[in-house]
Number of protein chains: 2
Amino acid sequence: MAKVGIVGYGNLGRGVEAVLKSASDLELVGIFSRRDPAQLDTESPAYALADIDQFVDEIDVLILCGGSRSDIPDQGPALAAKFNTVDAYDNHAEIPSYFDRIDQVAKENQTVAVISTGWDPGLFSLNRLLSEAILPEGNTYTFWGKGVSQGHSDAVRRVEGVKDAVQYTIPNQDLIETLHAGKSIDYKQGTAHSRLVYAVLEEGADGGRVKEEIVNMPDYFAPYDQVDVHFISQEELDRDHSGIPHGGTVIRQGQTSPEQKQVYDFTLKLDSNPEFTAAVNVAYARAAARLAKEGQYGAKTVFDIAPAYLSAKDGQTLRQELL
Amino acid sequence: MAKVGIVGYGNLGRGVEAVLKSASDLELVGIFSRRDPAQLDTESPAYALADIDQFVDEIDVLILCGGSRSDIPDQGPALAAKFNTVDAYDNHAEIPSYFDRIDQVAKENQTVAVISTGWDPGLFSLNRLLSEAILPEGNTYTFWGKGVSQGHSDAVRRVEGVKDAVQYTIPNQDLIETLHAGKSIDYKQGTAHSRLVYAVLEEGADGGRVKEEIVNMPDYFAPYDQVDVHFISQEELDRDHSGIPHGGTVIRQGQTSPEQKQVYDFTLKLDSNPEFTAAVNVAYARAAARLAKEGQYGAKTVFDIAPAYLSAKDGQTLRQELL
């Protein structure tokens with residue numbers, strides 16, 4: 001039984017709390033938050049993050065559920081000095097330097113820090129690696145969606161006259177099917193995905209102007225051939241668009257000899273992005289606790305951990321049941 | 001540069017020879033066969049398998065390309081006493097005991113033996129493990145095809161009156177789509193796949209009787225709701241059905257909380273089953289050579305090897321390019 005702590009209690013932290021219930025070999029010690037623990041809406045034990053050092057001997061691994069922008073870059077190295085940690089740090093450009101920083105802390109303090117788990121980075125990265133290693137001649141394509149993009153939803157909400165909004169990223173299914181058929185495609189940002197917006201207007205706002213502003217927003221919407229904007233009521237938004245679904249596809253189309261096309265496809269369709277990300281974090285928390293027991297200290301990514309470490313089953317059972 | 005030897009020169013051995021050409025960090029030392037090496041139709045160096053002991057110092061890893069029925073169970077442990085090995089042993093029921101036998105030999109002789117690579121067992125096993133570890137509440141389904149089943153093709157060829165035949169296994173796409181939609185299915189052997197046979201009749205054979213015999217063949221065809229038998233000419237069979245395509249899908253439908261369905265899908269669509277199997281073997285040969293250098297001796301499966309070992313790129317490059 002490995003003992004787990006959760007740091008941060010937003011969507012991801014709540015997801016980890018939920019999925020730990022079906023992990024028979026992991027036990028939740030408590031949730032650590034910068035907010036007043038008495039105010040957290042949870043039945044699990046809750047503590048002030050400031051008191052976390054008192055739990056050094058009671059926790060085998062911490063799952064860091066803060067934001068990648070400002071929380072994890074500081075919290076990760078600080079907590080890795082005393083605890084084994086798992087995080088879902090997802091700022092792709094900064095991952096290499098984050099790895100180096102936390103690796104040094106973890107090695108100096110004999111801890112394990114598993115970084116950037118989840119699905120992208122995470123399982124998608126794993127499949128990009130596996131497919132490229134197996135099919136060195138070829139091309140890899142990543143498609144995201146159908147799912148809610150928090151960044152794009154926020155961008156729409158910042159448009160003057162918009163009261164609330166949700167943005168769905170939708171992959172171009174025709175391109176995916178063309179790849180499955182072994183044919184080549186021209187993957188461009190503007191055609192690989194389309195964008196679907198449901199927005200609630202402020203009273204008296206000019207829908208035509210709002211729509212123009214969304215469609216022409218640089219980086220977020222302007223590069224896309226297809227952007228659909230629908231104005232709906234707050235009631236409809238709350239009723240039909242309050243979920244956080246996501247998913248996507250990593251496809252590698254390779255060839256093992258000039259005539260032989262081989263298509264490798266990894267696809268996720270997720271009702272809840274934060275809960276699935278949490279489920280991946282929890283599996284890697286199991287791995288982190290084991291690696292620490294074996295003295296395999298330092299920073300690790302999904303690339304560095306043998307799959308068997310993620311399962312609660314032993315090697316012999318895995319070979320019998322799943323190989 | 002790791003030096004590789006191929007043992008056995010059937011479809012798989014030829015596949016390994018082909019894919020090694022695009023592996024810049026692996027070098028083919030030679031092909032070892034029980035047949036007269038001068039008779040092998042290859043431009044690579046070819047040697048008698050009986051002479052393989054002379055190559056102990058020249059080969060870092062052997063890829064065993066013999067059959068799982070009679071070759072690998074003997075060759076594996078015998079060769080693992082002197083060489084690092086990789087094989088695609090695919091007799092699922094016997095894998096646990098084969099693992100134990102070769103593990104003992106490999107540990108005693110300080111070699112690495114990677115067993116049961118390929119795609120099933122192999123990548124499909126890996127995805128069964130990952131998806132179950134991440135989504136402990138749920139069900140995993142494996143679908144095979146569309147692809148040629150060698151066993152079923154052989155069974156049809158043994159029917160009296162059949163001159164030649166090819167059998168395709170076809171997955172039930174409706175079931176796969178139902179799973180993708182998050183709905184539950186009733187997975188039964190007879191409906192999860194259908195079977196499509198192209199057969200060439202001997203002169204004067206009774207097509208009606210042959211068809212009856214195929215459709216009612218126990219285990220191979222009788223359990224299936226849909227078995228289609230088409231009689232065609234030898235010319236048509238040679239022209240349209242000489243490839244060895246295959247593939248399939250591992251799907252896990254899980255839930256992270258009562259309302260949240262999560263669908264995990266891994267799909268392969270392969271023009272050439274033996275060449276893709278070979279490509280997986282070659283990536284694991286790279287891993288075997290590295291594990292041996294690190295002194296991590298013994299038998300390993302796809303469950304036991306961190307993904308980074310499969311890639312020719314170093315850790316920093318992988319984090320920058322693929323995470």
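Heads up, the Cβ atoms here are built off N, Cα and C, so glycines get one too.
The NADP(+) binding site annotation in TrEMBL covers A:9-12, A:33-35, A:65-68, A:117-121. Around the Cβ of A:S68 (NADP(+) binding site), the number of neighbouring Cβ atoms within 10 Å comes to 19.
Among the features that TrEMBL reports, domain 'Meso-diaminopimelate D-dehydrogenase C-terminal' is placed at A:118-272.
Summarising the environment of A:T169 (substrate binding site), the number of other Cβ atoms within 10 Å of its Cβ, over all protein chains shown, is 21. Taken from TrEMBL, the feature substrate binding site applies to A:W144, A:T169, A:R195, A:H246, A:N273.
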Is it possible to get the count of other C-beta atoms within 10 angstroms of the C-beta of A:R35 (NADP(+) binding site)?
12
Just checking, which of A:Y9, A:W144 (binding-site residues) has the fewest C-beta atoms within 10 Å of its C-beta?
A:W144
Whole-number Å only: compute the distance from the Cα of A:S68 (NADP(+) binding site) to the Cα of A:N273 (substrate binding site).
16
Assuming the binding residues for substrate are exactly those in the record, A:W144, A:T169, A:R195, A:H246, A:N273, what is the maximum CA-CA distance in angstrom, rounded?
18
Rounded distance in angstrom between the Cα atoms of A:Y9 (NADP(+) binding site) and A:N273 (substrate binding site):
15
Given the model, what does the mean pLDDT over the domain 'Meso-diaminopimelate D-dehydrogenase C-terminal' (A:118-272) come out as?
96
Other than its own, how many Cβ atoms are within 10 Å of the Cβ belonging to A:D120 (NADP(+) binding site)?
21
If I take the alpha carbons of A:T169 (substrate binding site) and A:R35 (NADP(+) binding site), what is the distance between them in whole Å?
32
